[in-house]
Ligand code: RIB
């Protein structure tokens, strides 16, 4: 690790992903046989932290697990991937969060039961203030209670630490929180939910402008197979294409993108370079099975970037 690599602090969720592979999604009311079941460490927070640690950055994960076997496995995954997990909350009052994932050759669906993630309070987060202050950048998502997100954002904001908010899954975000965010990274569905403007029918830029008007300094919209688009307040719309890869599992693709973006920005790189880097991290992540298991190391990302578009 060199001093040019910034420290990333992630405040967010930890889930055990229960992944069932099936040839297709069951119809409503239908019972279908799946082919395989896998128990994979996940959760948007945990995935983003593992992505950053595997890219060689000092990374702190701040979240909650239950005192059960899933919690133990998730902690082990953080530790073996090089994430600093020593400040994690272990609660006896709720089970570790789980995500029930159906994976078909075309797509996936995810149903999350927050469990321990839902026990995180503003008080818990305030007790982490010193750890959050160590970060060059703070990365948060919306799989934990909004009061915990708001407390983390406020601590970072008061210290001038840039915040990336990955608004997933989309829910209403208080104006006060949006005003303290430097970067927000919605996909198209989240962009629609957050602004009421449908990027597909009413225009991507219109939706991004509507989000910029709510406070963040930059909107970086992830567009799946079409790459990403970004716009800063007062800037023009920019786009970066996706990379062509053989897709095995898209679970955690957005987390890989956010982790890559955080790492690159924490090294003081500009948005254009950082978005390109994030796209490469995400492209490599989908070529492997499992959210955390699929996160690439820096050398793989550099190799892909050196191959050109
Ligand atoms: O972003 C992917 C993640 O969403 C999965 O790992 C699952 O746990 C859900 O949180």
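Any Cβ shown, glycine's included, is placed from N, Cα and C.
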Among 130, 143 - the residue TrEMBL places in the same substrate site as 15, 16, 17, 43, 44, 45, 46, 47, 255: 143
Given TrEMBL lists 222, 223, 224, 225, 226, 227, 254, 255 for ATP, the same-site residue among 187, 306: 187
Shortest C-alpha distance to residue 223 (ATP binding site) - which of the binding-site residues 46, 143, 285: 285
Inter-residue Cα distance where the pair is residue 17 (substrate binding site) and residue 288 (K(+) binding site), in Å: 15
Which of 44, 288, the listed binding-site residues, has fewest other Cβ atoms within 10 Å: 288
Residue 15 (substrate binding site) versus binding-site residues 225, 227, 249, 255, 285 - nearest by Cα: 255
Listed binding-site residues adjacent to ligand 1, that is, members of 46, 187, 227, 249, 285, 288 whose C-beta is under 6 A away: none
Binding-site residues compared (143, 249, 255) - highest count of Cβ atoms within 10 Å: 255
44, 46, 143, 249, 285 filtered to the binding-site residues whose C-alpha is within 10 Å of residue 255 (ATP binding site): 44, 46, 285
